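> The structure under discussion is supplied below as C-alpha cells; questions concerning it will follow.
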Amino acid sequence: MESPEKQYNKALGKGIKIFTKSSSLVPIVAIILGLITGALVMLAGGYNPLVAYGALFGKLIESPYDIGETIRAITPLIFTGLSVAFAFRTGLFNIGAEGQFVMGMLGATLIGVKLDLPWFIHAPLAMVGGAVLGGIWAGIVGYLKAKRGVNEVISSIMMNWIGLYFANYVIGTWLSEKGQQKSNEVHESASWSIGWLSEMMDHARMHGGTIVALICVFLFYILLWKTKQGYELRAVGLNPDAAHYAGMNVGRTVVKSMFIAGAFAGLGGAFEVLGVFGYQTISSASPGYGFDGIAVSLLGGNTPVGILLAAILFGGLTYGSGGMSFEADVPTEVVRIVIGAIIFFIASHGIVRMVMKPFSFRRNKPTDGSKEASRT
Amino acid sequence: MEQNATAVELSGITKRFPGIVANDGISFKLRKGEIHALLGENGAGKSTLMNILFGLYQPDEGEIRVNGMPTVIDGPSKAIELGIGMVHQHFKLVQPFTVAENIVLGSEPSKGGVINLKQANEKVKRLSEQYRLQVDPNMRIEDITVGMQQRVEILKTLYRGADILIFDEPTAVLTVQEIEELLEILRSLAAEGKSIIIITHKLKEVMALSNSVTVIRRGKVVGTVETKSTNERALAELMVGRSVSLQTEKSRREVGKVIFAAKDLQMKSNQNKLVLNGVSLEIRAGEILGIAGVDGNGQSELVQAITGMVKLSGGQVSINGKDITNQSPRQTGLAGISHIPEDRHKHGLVLDFTLSENVVLGNYFQKPFNNGGFLKYEEMDKLAHKLTTEFDVRSSGIHTHARSLSGGNQQKAIIARELWRNPSLLIAVQPTRGLDIGAIEYVQQRLRQARDEGKAILLISFELDELFELSDRIAVMYEGRIVGEVDPLNRDNQRLGMLMAGDTNA
Ligand SMILES: Nc1ncnc2c1ncn2[C@@H]1O[C@H](COP(=O)(O)OP(=O)(O)OP(=O)(O)O)[C@@H](O)[C@H]1O
Ligand SMILES: [Mg+2]
C-alpha cells in the first residue's frame, strides 16, 4: 500500500496534468499573447488598450441585440472551421472553404429565388442545395488531386476565384433585376430566420443555422470517430500508404472527404443567405469566412469542441471590434492583428513553450511531446 | 588515453510512461574505446534508454555522467555538444538533399550567411576518406542504397565531432554484405578510440563485435558480462529467462492442391525497365515457398503485384483457381491473401491509430466491427485483447497509439493481425525483422502451424538461415526472374550463391 501522502501527491500530479496538458495549454497562452500583441500595437498607436478591450468585450453583451448579432457572427465560422478541419483530418489542406462558402450561398439563393414551394420543403431544400453546391465545388478539387495529382492548395485557390465570379455571373443574369447589385429576395418559404427569437433579441438576425451548426459539430465527431467511413478518412489522412495496403480506395476517400468539407462550408454560405440577408450580392471580394475558417480550425486543433470555442472567440472578437471602434475610437483592424498574432503563436508553438517554461518548473516532458523520438 | 576510463555512466535511470515503466533503475557503464552491446526482449526498454542518453526523453529519476561529469541532457543539441551521436533505426535524412548537404545540415560551412557547398563537399570527402566510409557527396539521398544512407548517418555524427556513438538496431535493415561492412566500420571506429553502444537482436553480431554486453529485461538490468566469458546460448537464456531453440526437425512433407499460381508476371518501373520479367510460381496447400535473392531483384515488386498494390503489365495471378490479376488490395484481401509487409511503418500500421484500431485495418468494414456503417469498438477491443495476449505484444494497453510501441512489438502486432485473418495465402516479408529471439521462435512456430493447417505461405527473407529453417522449397530471384530452385534439406551454399548472382548454369 502506498502512503496516503504519496497517493495525494499522485492525485495532485494528475490534476495538474489535466490542466497543463500542453495540447490544451498552448492555444490559451497563444490567445493571451495575441491579446498582448494587440495591446502593444494600440499603445504604439496612442490608444488605451484597457479601454479598447473593455469596449470590445462589453459590446458582446451590451444588449440582447448585440448578443444575438454575436451569435450570428459566430455561426458561419463554425461551419467553415469544420470544413477546413474535416479536410485536414484526411490529410488535405482545404484553403478553398471561401469559394465553397460562396457556392453555398449561390445554391441557396438559386433555390430560394427560383422555386416556390411549401416552407417545410423549400427551406430544407434550399439548405441542401447550398451544401451540395459547396460539396461539389470542393469535390472537384478532390477529384483533381486524386486523379491528376493536382495540389489541392493551388486548385482550391483557383476555385475560390472561379466560384466568386461564377456566382456573380449567375446572380447578374438570372437572379436579379436589371441594374441591381444583388439578387432578388429569396421567398419567405425558404427563409431560416426565427421571427419570434429575433423579436426577443431586439431584431438581431437570429436563424436556425446556428442550431444546424451545433448539430454539425456533433456530426463531425460522430462521422470521424464512430463510423466506418470516418475510420477510412482518418486512415487516409494519417497514412495513405497503409490505407492503400489495407484495401481502401485512397482517391475516392479524398474526393469524399473534400465533398463533405465543402458541404460544411456550403451550409455556412447557405445560412448567410437564408437566415441573415435574404439575398446574395454581386461583390468583387468574397466575404472572408472561409479564410477565417482556417484560423478557427488551427486554433481549435481540428477537434469539434475546439472549433466551436475558437469560432466563438473569433466571431466575438470580430463583432466586438465594432464596439471598440465606436467607443474607444480604435480602428477595427486591430482585431485582425490580434487574430493574426494568435495564429502566429499557435503556428510557432516553440515560442509559446518557451514562454510557458518558467511556469512548468522541473516537470518532465509530457509523453506526447516526445513523439519525435522514433520508435525502433 | 587511459584504457578503462568511463565515457558514459548511467545510474538509477527510471523512465515511466503512462501505464508502463520502460526503464526501472537502470545502471549502465560504457568504457572509453569499447563496443558495448545492449540486448533485451522487445519492449525491454533499450531504445528508451538510448533516447534518454541522446536527450530525446528526460528520465524521471537517475543520473547521467559523461566523461565523469554529471550532466542533464535536455535535448539532442546538448547531446551533440557532449560528443554523443545517435544513428536511429529509421534514418532521419532529408530525401531530396544531397549526401553532403545532409551531413553538414545544422552546422554548415558558410560565408556571410551563404552555404559554401564546395567546402562542404570537400569536408565530407575528407571525412569519408579518413574513416573509410564510402559515400558520394553529390548523390541525392533518395537515389542511394540503405547501406549508404546509414554511412551518411554515421558521417553526420562524426562530422559533429561525436566520440560516443549509439546505434539502434543498425543491422536490421541491411543486407548480409552491408552488415559485414558495417561491423568492419564499427571495429575501426572503436580502434580510433570512439566508444560505441549497439542495440541488436542478433547474438552472432554481439559475439563477433562487442567487448561487453548488458542485458535488459522488462526495464531492469539483469546482467552485464564480458563478451569473452559468455556465449550465444547463455545470452539468450539471460535475455528471455529460458532456453531458446531455433532449430527444428525437418522432413519432406505431404502437400495439397495448388492454392496460389502466378504465370509470367511482368511489371515495368517508372523508368520503363522490366522489374518483373516473367515470374511464374505455384504454392500448394501446406507449403512454405521461400524466395532467396539479393535485395532489389524484384522481391518487393512481386509482392506488390500479387496483392494488387501496383498494377502488372502482363501475366496472370490466381488464388484457389480464381483469377485476381490486377485486382485492388481490397479484392485480393477478400480473395484470401494476407500480407505481412516489409515496411511496418509505411504500410503495416497507422502509427497514430490505437492498437484496437490497427488490428482491424484489413477488416474494419466487415462484421462484427462494422455494424450498419458504425464501428463497434467493443468488438475491436476484444480482438485487440485476444491478439496482444496471444502474441505477447507488450504495451501500456490496447488504447495506446501504435507509435508508442517498441519496434518489435509493432511487428508482433502486425503478424498477429495477418495470421488472424485466416488467409489461404500468407505473404510474409521479413517477418522476424526486429524481433527478439524468443519472439522469433514463437513467430516461426506460428508460421509452421499455419502451414500445417493447409495454408500456402510465400516467405521473403534476406536471412538465409531463416529461409532454410522455414521453407519447404526455395526459389531464387535475380533481376526480376526466378533463376532456379534450391532444396532446403540439402543446403548447398555455393550453388545458392551462384544463383543469387544470376548464374543460371548453377
Ligand atoms: N512515448 C511512449 N509512450 C508510451 N509508451 C512508450 C513510449 N515509448 C516507449 N514506450 C513503452 O516503453 C517500453 C519500452 O520501449 P522501447 O522502445 O524502449 O523497447 P525496446 O527495448 O527498444 O524494444 P524493441 O526491441 O522492440 O525495439 C515499451 O513497452 C513501449 O511500449
Ligand atoms: Mg527499440
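Quick reminder: no glycine exception, Cβ is built from N, Cα and C everywhere.
Caution: TrEMBL annotation is automatic and unverified by curators.
Below are the features I grabbed from TrEMBL:
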type	residues	note
TRANSMEM	A:25-50	transmembrane segment
TRANSMEM	A:70-88	transmembrane segment
TRANSMEM	A:95-113	transmembrane segment
TRANSMEM	A:119-144	transmembrane segment
TRANSMEM	A:206-224	transmembrane segment
TRANSMEM	A:258-279	transmembrane segment
TRANSMEM	A:291-314	transmembrane segment
TRANSMEM	A:334-356	transmembrane segment
> Of the listed stretches A:25-50, A:95-113, A:119-144, A:258-279, which one has the most C-beta pairs under 8 A with the transmembrane segment (A:334-356)?
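Result: A:25-50.
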> Considering only the recorded stretches A:70-88, A:119-144, A:291-314, state which has the highest number of Cβ pairs under 8 Å to the transmembrane segment (A:95-113).
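Per the Cβ count, the answer is A:119-144.
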> What else in the chain is close to the transmembrane segment (A:291-314), if you only count residues 6 or more beyond its ends and a Cβ gap under 8 Å?
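Cβ under 8 Å, 6 or more out: 23, 27, 30-31, 74, 77-85, 88-89, 95, 97-98, 214, 217-218, 220-221, 265, 339, 342-343, 346-347.
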> Go through A:25-50, A:70-88, A:119-144, A:206-224 and flag the stretch with the largest number of C-beta pairs under 8 Å relative to the transmembrane segment (A:258-279).
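By Cβ pairs under 8 Å, A:119-144 leads among A:25-50, A:70-88, A:119-144, A:206-224.
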> Can you tell me which parts of the same chain pack against the transmembrane segment (A:206-224), counting only residues 6+ beyond its ends and a CB-CB cutoff under 8 A?
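Beyond its ends, the transmembrane segment (A:206-224) has Cβ neighbours at 68, 71-72, 74-75, 78-79, 82, 85-86, 89, 127, 192-194, 197-198, 230, 233-234, 260, 264, 267-268, 270-271, 274-276, 304-305, 307-308.
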